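K.L.:
Below you'll find the structure I mean.
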């Protein structure tokens, strides 16, 4: 039942419903309202016109939005087709289409073609600083830094506070080696707007000038601006390592690894610092983490190899260094380390091979020539070794170990005068540099000074070098010294004239059966012969080459020995034991002959019956 209808009441008839006519309801008092009062009426305005159609874009710019959309999506093929249509419609006068096409060509590596298109944009709109910046950028990529700098100077006239133009001016001046102008432009760019790349380039210029402290100040400002940048923190830590502030270096490297635990550069820097302090196991643990991210890194395998070298695991060190050399065959540091390890293992030919390759890459490194001279000394090539020492001394005027090694080499060759000259050079370098020498270098210098003052000395006479054993090499002092000081080769024999011709080999004798009493029999015969031959008494003045007479024994006061208080009697002699028998057993031949033909005994003859 519907609401409002009582249950059981009859429904109205359909005819009655149709007859009911509803009359409008009137509001009481509505007729009494005076519509002719003084209320002002609002005049009706003219009808509003319909909105006009949006103005059409010029034909040159009509497709710019679509070109931009496809460009930012890196849909370069579609973008090129749209640019081609736009250029055909505009007759090559669409600036934005030419601009985007130049950007696409630059990304494809066609720098010269993009430069020509950017120059076209400059002709279409000569008052645009963006077009000039792109022209300068293309010139910079073509290594035409002077021309790029001139274009940047024109662009900065159109926009004087553009940090990008000031930054690029500083970079161009840096490549032109005008460091003062470069620092001025980069500092000006930082006043306009601070960017990490500007801090990096400014710090790089200070490093190129050799001003490490200035670079540290710049990178400290960069870390203050971007405190969570692991690259900045790692670079600052490396700079602190160069100035031996290891505590600050460790703090910055630790912060870098806090923000990025897998930052390879920070991990390798921390491992290198630990390796420098002798913590080879901890350094290897760090390198193990870095190897997960960059398993094909040549510096990583070089550091791992030198860590094994520090632990005196030479075979493992060579394996890791060989892998690093395979990954970077033209890295002179890896070749230098390979030469040092082979020199330590007494593999002098291999050391010569790697050191020669390193010298071809870095012909101005004195340490390479010093190690090469040591290898040539062991390879018994004194002439080339001497030239290598001379080359090393000419390249480095401060290292005292090179003239010391050269002096030892010359002394071993017998040239004492030149060795003295090189030793004086060593002393002058030590005094001029005010440097402290390690214990082994001081010991070697002391021995050489003593040998040069006294004369021939046995302190440099060494035993012949043993055969190299790769698996268990002998302990060498090369790993305990700086790279410019390595233990010198053993003393070579002095030239005493032409070598003697060896005699022709004698025929092999037939060895008779061994007679154990032959030596005693020969000695007895020689004693018997000496007893028969009288020995001449030497002259008094020629005894032992004219040495003075023997001095009296201590405690006797220089007096003669006193006479014995008791005389020797015959009974004393009779009490002595008899002397040993001088008869010897029969020889081997006599014993064999006696065994085969025994002599007849007297007892046998007595027992034989009478015939």
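Using N, Cα and C of the backbone, Cβ positions are placed for all residues, glycine too.
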K.L.:
Of the ranges 28-55, 56-83, which one does TrEMBL list as region 'Disordered'?
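P.N.:
That would be 28-55, per the region 'Disordered' entry in TrEMBL.
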K.L.:
With a Cβ cut-off under 8 Å, give me the same-chain residues at least six positions beyond the ends of the repeat 'TPR' (196-229) that come close to it.
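P.N.:
Residues 163, 167, 170-171, 174, 179, 182-183, 186-187, 189-190, 235-236, 239-240, 242-243, 252, 259.
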K.L.:
Give me the DSSP three-state residue breakdown of the repeat 'TPR' (196-229), ordered helix, strand, coil.
P.N.:
27 helix, 0 strand, 7 coil
